[in-house]
Structure formats: structure tokens, C-alpha cells
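Student: Quick one: structure below, then a few questions.
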């Protein structure tokens, strides 16, 4: 069953000819209990997408969306997002070091929203917080509740963030690069924890990352974003075994794959940087870095594929031949 | 923590000591204290008597040390003009000044925190601009001019409040309003800047992501952290208020420390003046120390060091 | 953290950039007008500011019923033309403001440079001296000194100059400490440049924006302080026209001739408002990233 539907989401900064289009006409949906990875380079608008869903965009950003629903709730209405945010839909962030308020103990920060949403007593909220800390594998949770964020390590803080997000038993967890700021070993632990929690609690996860290596380990479905727009979408096998968009292919070529990547061989790189989408944007945004670019790429780009696997590219046939 | 505290205490004592030396020598730089005391047209033998009585012929260092020795024993000397112990004088007047300072500070904070928060939450909009304009105007109005305007309106025209004296709480209303408005702008600016800073923090985004209502996010998560620098300013301003109420206390003839200091300046009443300057320096260093302790309480990260 | 402004690029402070900051244009324009008025006081003032006329005492300004165009802002209790006194009063305010802050700026900058650049004991000393200065009640000390040495423009300038350097020292010390760690200072040190050369040629020019901003704040504050001292009778002495003194002299006539207080009061407020507004604009121009 579909949990979250996002239809034609755009996020702009400024107006007119100098407007920066951070997200352009992005549509996707998340089913209950699945993990959707949104993947792309820095600056491709993936974080803005997550903030736009939660209605947490900075004030200078403008969001426009044709439709956005979570279950039965219309998220485009102010009352809708208020009912859902922090309750059915929770979020964890990239920087566990700064995402917790330094002035309050962990326990206070974990329970305040729970009390607000559920009307529980402080004692009940505390019991719930201890339960959740146990859930995310934090030892002696009673002691942790009285501690301040600066007394915890980065990995612990991210666990606390996850526990905090799970307090209200959300149906959807948005994780915006939750492991990027952590050490590799801690990264693996947090990833395992998320996967494990998802299995046990049946929550859907939107996992936002720039790291395609992580995607293969956690995702059910994948949306590949480039310059604010979706270039390819499919389930994880389709994306990794049969990438159709040249950008997806290039991304995959950038990950070393044990057994496949030859020792001493060059890993792929994508020349250039993501262009800033300023003013009137048309055609395929990737054409400036694409080896297959032709004059036609400046025009209208068709969407190919049926069912779960879709991609947005002019060169359907060329790429199919190139993929082996 | 204990080492840190004792170090800070030692430094504070040293600062107060040097401040008193400065004040002492400044006042004695000009040698005609005795003739000023004796008044115009005094006979030379009167002046000689004064010099002898107060020991003004001794070297400055000796005078200072003997004064300091007395001070350390709680003896601040005797006022030249009021002919009574300086300590008694100060004790009698300090209450009025403290009441005035606390009242003005409360007024300032009651104005500055809501306005600063409002300006920060709506930063860049016309609400922000109006708040900034209020603060700019507050900074520009000379306090004594504002005092006279308030007297004109509330004491002379409307006859609601007394223009001078300190007999009842009503006497404190106009002076406290004047001083309160006068010190509001720096607080407002600090709260505004701190709030803009705090509202941009990740933890504020987390609080919003948790679904907390907007006012809770602002008043709990952002304000708490925005108030850290305000505590320091409270200490500084309270020190300035206690010392800087000279002008306002004189206008409203409010018999406090500032008025006493103003009078003692007029009468060249050095023992009083020295004691007041020393007291204010001590008050300042103590307040700054207190502010640091309060900050450590507000910001748990500071507690460790 | 953002105190360090990005390296100056050509046209960074050009007119087109300045135009984007209305508070700088309006405030700066007002300040410029008042400065011009003060400079050309002898040309503009309709009367001698000191000439008394016993027969024409406390004539109200022209917009009152019995006012006249002869004395646009009326006359004071000694029959002196109020507009002329107001125009000459701007000279006193501006001169004391600029002169006192120049002295304070030199003291504060030198202390701040030394403390920030050398660190260690010198820095502790600078911090200590600054703390002592902060612990002294400015108005009280200024009043006492003026009382001992007698009031005059020179004394007021010196006293305020010796008392108002704290903000310069604090800000310059912090900024210098930041700059001293930067690579180009390190390379100048490595190249064997003398400390004096580094401080004056490499560090100081980078402090100019901060210096200008603090100077505007301090000039406004010094002008208000002069007014307060003169108001208490322990600043500029009569018959010099100082706005603070004018308010003080008019106090006794407040009930019947409130304009005698209102006019110099509003003049002071306008000048200080304009300077602060220009200062705000300057700060925005210099460090745009600090705007909210």
C-alpha cells in the first residue's frame, strides 16, 4: 500500500531570471514498510526534497507541489503537515553533533514531542524513552536520559536521534545522510540498526545519500536525482544490474566493486560539476557532462520504461547497446 | 572548577584594587584639595589645618595605603561634607539605586526580549524593521532629554506621577522608565542577533521536525541558547546602571548612590567618591563573575571546563 | 567567526554597492548635512550665537503664534538666537565626538594589536587593563576629572578619549588574533619582515572595516556623553553653545518654553540617530553575511 505520494514537487530560491531551481517537478511515492533511496551528488536537491516533504525548508525557499499525501492526510494543507510531522513522519539528520540541542538533557529532548503528540504523562514518556534507547542498542539508558549531547559520541548521538524519531511509532522515517558524518565502522552499525529496526517495526524509510555503495545495501527502490530532477527510478536490482540513464551508469562506475573492478584499473569519474539550475531551464541537465549528448538533448526529453523502472533520457537505444 | 573560580576571584580582586588606585590618584592629581575643601576666601591657616587633619601633606602612596588599610578593616573614612562615616552614607543610599537598577533592568528585558524575538522570527520583514527602528531611536535619545520629556508629560501636564524624590514606588516609575528604555536597545540587538543565530541551528530544525508547535520551538529551543550572551550583558549593564544612574538620579533628585556621587563631586568629597568608585568596580567584577557562573548553568557545555 | 571580511575586490565599496544599503545612504546623508552645517556655521548662522539681547528673551519659534522669521527657532533666556546656537552647537558635538574617538581609537587599536598579535603575557596584560577600564564607571570618573581640572572642550575630549577605548581594544584584539594565524602573516614572518612592518602594513589595513564601524558607534556615544556632562554642568562651560548645555540652561524655563529643551534634544537625537544608522549600514556593507 502506498504511504507517501509526492506529485510534481518544486523548490525554488528567488524569482524570475535569477531564480535557483533546487528541485524541479519531482514525483515519487513510498510504499508502507519499504526503503526508498534518493541518491545523487551534493547539490542535486535531495536534502531540499526531504525538507520540503517535512515543510522545514528555509524561509527564503518557495515550495510548490501538485499534490502530496501521507495515507489519508493532505500534506499541502498547514493542518495536514502539523498532524503528521514528528508523529507519523519523523526525520533524522546528517549532523548528529548539531542536531541535538546542547542546552537540554537527552531525556527532555526525547520526551517533549512524545508528550505533545500523545498526551502521555512525563513518567510514561520516560519509560517510552528508555524502551526506545534499548531498541537502538544503547546500554544503561536510564543514565543516558540525564546526560547532555556533548557527553555522547557521534555514533551514540545518531542512535539517540533515531530513538527520538521512533518515540511516536512513525510510519515513515526520513533519514537525510544519517551516516555521512560518522566513522566508517559506526556507519555500518547505524546502517545495520536502521535495517533491523525497519524489519521489526515495519516502518518505511526514505534514505537520502550520495553514496551509491550504501544504496545497494539498504534500498528496496531507488530514485536517482540530478540537478533537482529525477533521471531514473527503479527497484534496486534494476538500477544496479541494468542502469539506463547515462548518469546512473556513471555513478555506478564510480563505486569499486569487489570482484568486478580490476586491481589497478581506474575507477570512473564524472567530469565537471552539477550545474546550478538558474533561470529558465530546459532540456536534459546532464548534457553538459554526458558523453552521449547531442543537439536533441536541449529539447524535450521523453520518459521511458513501464512499471517500476523508469528513466528520462533521449538515447534509449544507444544506452541499451552500451549496457552489457 | 574550584581552581578556575579561585583564579577568577584573585583576578577580580586585583582589578578592583587597580581601579581604586586609579581613582585615588586621579582625584589627588591636583593638589588643591584642601583649598577646595576650605572653600573660597579661606585663610591660609584654615587650609593648613585641613591639610593636617586629613593628612594631605603625606606622600600619595602613604595616603593611599593608609586609606586601603582602613577600607580593608571596613572603615571607608568620614565624609568631608556630610561629616558622617562614608560606609553609613553609602548603606543608606545604595538601596534606592539597587531598586532603580533592578526596575530599569526588568523594564528593559520585558521590552527587549519580546521585541528581539519578534524581530528575529520575522527577520527581513517590516516587523523586523520597526523593531530595529525602535532600538535605533532608543539609542539616539539622550537619557536626560527623555527624562525631561517624561517629566513634562507625566508630572507637569498630566500630574500622574511625581517629578522628584524617592518617598514611594511612584517616584521610581519615571526614572526606571527612562533608564529602562535607555538600555533596551543593546539587549534587543543581542537577543535579535542571538535568535537569528539560534533559529538557524540544526537543533531548531530537529525540534520542528519533531512536530513541536512553533512557539515552543522559539521559546524553548532557540531562546534558551540565544539568552546565553544576554546574561553577560545583564551583568555589564547592571554595573553600568548602578554607576551610570548619576544623570537620572540627579534629574529626579532620587537619593541614591549616583546622586550621592554627583553631590560629592561638587563638594570635592574625596572619601565618598573613592568609596563609590571602589564599590562600583567591585560590583562590576562580581557581576561579571556571576554572569560566567550563570552561563555555565545555562550552557552545559561550559560546565566541564 | 565571520568578523573577517572576504578579501576586497575592486568595486566592493563602490557607489552601486553603497546604494544597496538605504540605511547607509540616508544616515550618511544626514551626517554629511550636519557636518556641512557645522563647517559653514559662520556663513549659515543668521546671528552671532553669543550676542545677548535682553529685550528679545524667550521668543518662541516661528511656528508659534508670536514667533517671527527674525528668529526662526526663537531666542533663549538671554535673548540669543536659538538657531545660530544650534548650528554652532553642532560644531562642539562633532568636534568632541571625532577628537575623543580619535584618541580612544589610537589607544584601543594599539592595545588590541599588541595583545592580539603577541598573545601570551602581553595579551593577559591587555585583557587585564581592559577589565580595569571596564570596571571604572565612565560617567562618574569623567565627572570627577572634569570637576578636578575644570570644564572645557579640551578636558572633555581628553577624558572621553582616555575612557572610551575599551570597545576598540576588545574587537581589534580578537580580530588581530584571528588574522595573526593566517598564512600570509606567517609568510611575512618567514620572509623576515619586522614586527612593526607586519602590524602596520599587513594587519592594520585588514582591520579598517572594523575600525570604521566601532568608530561610528563610539562617536555617537561620545556625543551623548559630552551632552550628559555638559547637562550636569561638568562639561563644556557657558557661554559656548553645546546642545547638552543648552538643555541644561533651559531646564528652569521648561514649563513655559518646552521648545527650549525640545529643539537641542531633538537635534542631538537626530545626529546620534543618523550616525548609528550610517554605522548599521556600514556594518552591513562590510560584512553582508552577518545580516539577518
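Using the three backbone atoms N, Cα and C, a Cβ is placed for every residue, glycine included.
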Student: Give the range, chosen from C:138-163, C:164-189, that TrEMBL lists as transmembrane segment.
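Tutor: The range carrying the transmembrane segment annotation in TrEMBL is C:138-163.
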Student: Against which stretches of its own chain does the transmembrane segment (C:211-232) lie, if we need a Cβ under 8 Å and a gap of at least six residues from its ends?
Tutor: 92-94, 96-98, 100-101, 104-105, 108-109, 138-139, 142-143, 146, 151, 156, 160, 164, 167-168, 171-172, 242-245, 247-248, 268, 271-272, 275-276, 278-279, 282-283, 286
Student: Are there residues at least six beyond either end of the transmembrane segment (C:138-163) with Cβ under 8 Å to its Cβ atoms? List them, or say none.
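Tutor: Distant contacts of the transmembrane segment (C:138-163): 92, 95-96, 99-104, 107, 222, 225-226, 228-230, 232-237, 240.
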Student: The transmembrane segment (C:252-275): which same-chain residues, six or more beyond its ends, come within Cβ distance under 8 Å?
Tutor: 26-28, 30-31, 34, 58, 60-61, 64, 73-74, 76-77, 82, 86, 89-90, 93-94, 216, 219-220, 223-224, 227, 243-244, 246
Student: Would you mind listing the long-range same-chain contacts of the transmembrane segment (C:24-45), meaning Cβ under 8 Å and 6+ residues beyond its ends?
Tutor: 18, 81, 83-84, 87-88, 90-91, 94-95, 270-271, 273-282, 284-285
